[in-house]
Amino acid sequence: MACPSLACCLLGLLALTSACYIQNCPLGGKRAVLDLDMRKCLPCGPGGKGRCFGPSICCADELGCFVGTAEALRCQEENYLPSPCQSGQKPCGSGGRCAATGICCSPDGCRTDPACDPESAFSER
């Protein structure tokens, strides 16, 4: 009598676990879900040509960066969205990303950075 009840308990526990069974495994295994690409940050600025880089920073290649202006107001909406986002092409500075030609932005602010200037990469030294 103890053996069937033990088997039922084990089957019940097995059903309640969040194991990755053959029929419901994500591609790449259980940990692959953590490696999903981040979404792009909200568009902002004139004509929606820019992307948010922080709660009050909007940057676009053609327009430069707007910090704390009306063009960057939409970026405050990012604080209320559940998933993280990422703007810019390549990393730069201390935790920032290239926002416009020669400008590196992080959520804290923007600064000039030669790593974000495509022409400085080809200039002679």
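Indices start at 1 and increase along the chain as displayed.
Cβ coordinates are placed from backbone N, Cα and C, and glycine is handled just like the others.
Features of the protein shown, as given by Swiss-Prot:
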SIGNAL    1-19  signal peptide
DISULFID  CYS20-CYS25  disulfide bond
MOD_RES   GLY28  glycine amide
DISULFID  CYS41-CYS85  disulfide bond
DISULFID  CYS44-CYS58  disulfide bond
DISULFID  CYS52-CYS75  disulfide bond
DISULFID  CYS59-CYS65  disulfide bond
DISULFID  CYS92-CYS104  disulfide bond
DISULFID  CYS98-CYS116  disulfide bond
DISULFID  CYS105-CYS110  disulfide bond
Distance from CYS52 (disulfide bond) back to CYS110 (disulfide bond), taken between C-alpha atoms, in Å:
12
From CYS41, CYS44, CYS52, CYS65, CYS75, CYS85 (disulfide-bonded residues), the ones whose CA sits within 10 A of CYS98 (disulfide bond) are none
On a C-alpha basis, identify the one among CYS41, CYS59, CYS92, CYS104 that is nearest to CYS75 (disulfide bond); the candidates are the disulfide-bonded residues.
CYS41
Expressed to the nearest Å, what is the distance separating CYS41 (disulfide bond) and CYS116 (disulfide bond) at their Cα atoms?
19
Position of peak Cβ density within 10 Å, selected from the disulfide-bonded residues CYS75, CYS110:
CYS75
Running the disulfide-bonded residues CYS65, CYS92, CYS104 through a 10 angstrom C-alpha radius around CYS58 (disulfide bond) leaves CYS65
